[in-house]
Amino acid sequence: MQDVLHAVIWVALGSAFGGPARYFVSGLVGRHVGETFPWGTMVVNVSGAFVIGLIAAAATVDGLLPMPSAWQLAVTGFLGAYTTVSSFSLQTMALARDGQFLKAGGNVALSLVLCLSAVALGYGIGAFGLGIGSA
Amino acid sequence: MSELEKALSVEEEPVRTAKAGLQRRVRWDWFRERLLLYAAVSVGSILGSVLRALASLAALGWFGPGFPWGTLFVNIVGSFVIGFYATITGPDGRIFAGMYQRQFVMTGICGGFTTFSIFSLEAFQAFHAGEFALAGLYVGISIITWLASVWLGHSLASRLNRLGGT
């Protein structure tokens, strides 16, 4: 029970900043690139995937990160809140309902390809930088 | 200087002061609005994320670490809720929600509850461990169920919106 309480506190702390960071970044991207395609959510999700890969690589080194609190704060809390599936789903549906099937399909395909590549890249760079080897 | 110009120049100073005051007021209103929006997103995000963490812990306890049921569950539920809420409080919706409420629920709670980064990491970890079928299955099931549930939430709310009465 003590562990769960600690986890909740770390997650709350990380997510208090993760959600607003997403709101800021997606708004910034939306204002600069326009709102006809959900680039804001895309940028948020891809950048979050890259960082989570880096942290996952760092987490494989014993004693590098104070576990599990660092994971709860940075991954479950901050990055978990920073990235979003709900906005992605809503925006994809809005494009499809608008008859813009190419954009809807493109959003799904591009999000999956870029996010999965970003997490692999982040993990690879992290593993290489830390000298783990088998990246 | 004509009488008219004299009269105008006399008024210039108070007009300038009033203008400056109004500009400060507009800037302050803008700042306060931003602050409240970010606060609404932050509080919603904490609620959603703590719920997600608890759901993941519960799923881990019930089903074990074989398949990321916790993340799949939160992403499905979060997609349903945002689809329902966006439509029920939308332009033709039967429930009114202001700007702060909408950001609190959609950007805050739903955004904090769901996560693309942890989903990506779980898929990558399965792939990295050589469990290609599991990775593919997880990605495929996820994308289909997320989109199905956002559509389901939206359809249910549209139906409720079309019902008679208030």
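Backbone N, Cα and C define each Cβ position, glycine as well.
Remember, TrEMBL labels are computer predictions, not curated facts.
According to TrEMBL, the protein has these features:
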- B:G111, B:T114: Na(+) binding site (BINDING)
- B:35-63: transmembrane segment (TRANSMEM)
- B:69-88: transmembrane segment (TRANSMEM)
- B:100-120: transmembrane segment (TRANSMEM)
- B:132-152: transmembrane segment (TRANSMEM)
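Among the listed stretches B:69-88, B:100-120, B:132-152, the one sharing the most Cβ pairs under 8 Å with the transmembrane segment (B:35-63) is B:100-120. Note on the transmembrane segment (B:69-88): residues 48, 51-52, 55-60, 62-63, 94-95, 97, 102, 105-106, 109-110, 113-115, 118-119, 122, 138, 141-142, 145-147, 149-154, 156-158, 160-161 of its chain, located 6 or more positions outside it, place their CB under 8 angstroms from a CB of the stretch. Taking all protein chains in view, 33 other C-beta atoms sit within 10 angstroms of the C-beta of B:G111 (Na(+) binding site).
Counting every protein chain shown, 31 other Cβ atoms lie within 10 Å of the Cβ of B:T114 (Na(+) binding site). According to DSSP, B:G111 (Na(+) binding site) sits within a helical segment.
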